[in-house]
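Listed in TrEMBL:
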BINDING   Cys210, Cys292, Cys293  Zn(2+) binding site
DOMAIN    6-307  domain 'Hcy-binding'
Amino acid sequence: MAPTKKGILERLNAGEVVIGDGGFVFALEKRGYVKAGPWTPEAAAEHPEAVRQLHREFLRAGANVMQTFTFYASDDKLENRGNKLTFTGAQINEAACDLAREVANEGDALVAGGVSQTPSYLSCKSETEVKATFKKQLDVFIKKNVDFLIAEYFEHVEEAVWAVEVLKETGKPVAASLCIGPEGDMHGVSPGECAVRLVKAGAQIVGVNCHFDPLTCVKAVKMMKEAVEKAGLKAHYMVQPLAYHTPDCSCQGFIDLPEFPFGLEPRILTRWDMHKYAREAYNAGIRFIGGCCGFEPYHIRAVAEELAPERGFLPAASEKHGNWGAGLEMHTKPWVRARARRDYWENLKPASGRPLCASLSVPDGWGVTRGHADLLQQKEATTKDQLKQLFDRSKTH
């Protein structure tokens, strides 16, 4: 019988670094398996080979959490705005759990089942109705015996608290991750207050994911940590940011950027930026360090390489990657061989190659959130008249 793996809390309690995986939704959209707009994960059932391979690449890069590809897999989201699926939410979630477990078993990785924000909450459904949506997803995670649970990508702490209250009933470890920055959630609740509420609701791990770049997310988690400690509570901390630079973002994060989602490539962080991120997160006392939208396996490899001294080993993917560009010593061109050193890459200021582009953007900033008529969701497809109204409004922003 194979030895039992240490659980997430055992690892964190021992001070170990836990590395998450990256942004499945964006990565698979670029590969042709996810549709931008719905951002739903039916690929787990439609194209399991694609999801399995991405899990495998993140594992090889150093991740030791395989998060199920169940983002936005609640039935209300799967049916939202005319999205037509040939699989049920349960089928998608079961397939995602099986794929994550298969690959996790190839290494020392854990499986995390994830739930995220719902159209039901944005449409002002009741606490009972929203919790029922989470419970339906949770039934699959219990059936498949995931190792721990994550409530991730919540813009409103109220809904995240509801999710944690449902997840904690299982007795499994619960992590809660908000898609907020230092300004707090969409109703102005500060990161610190958000974290305190989540810990009191039962989350043992709290943090942020998505919407902002790594250093912005680390700043928000620092605020969480300070507030939790001030309240006399205890928790572990996690961060899984974007792989995009977002210095010009407002409270809503990168969704407000004019480039979202199809023109973000000029903002992608380099692998060397990821070294800085990993060190900043570690120095802040964060021990669950991963990525979200835009993170590819090479980004996670950079995180794992930066934290190799603390972890005691390099990831398998480092077999094909020299430390700080050392592999360039073998290049045919002398000026490229001259770049085989840390100080070159650590101090490089990459050019965009776009002479007519501004360095920053002006976020759209429509300022709508839960309770606003524009955010009421529907099963029917968006009509041409509804789109025209949005097009007209966009001209005034």
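Using N, Cα and C of the backbone, Cβ positions are placed for all residues, glycine too.
Unlike curated records, TrEMBL annotations are generated automatically.
Each of the binding-site residues Cys210, Cys292, Cys293 was scored by the number of other CB atoms within 10 Å of its CB, and the largest score is that of Cys292.
Excluding Cys210, Cys292, Cys293, which define the Zn(2+) site, the same chain contributes Gly23, Val25, Phe26, Tyr153, Cys179, Asn209, His211, Gln240, Pro241, Leu242, Gly291, Gly294, Phe295 within 8 Å (Cβ to the Cβ centroid), listed in sequence order. Taken together, the residues of the domain 'Hcy-binding' (6-307) have an average pLDDT of 96.
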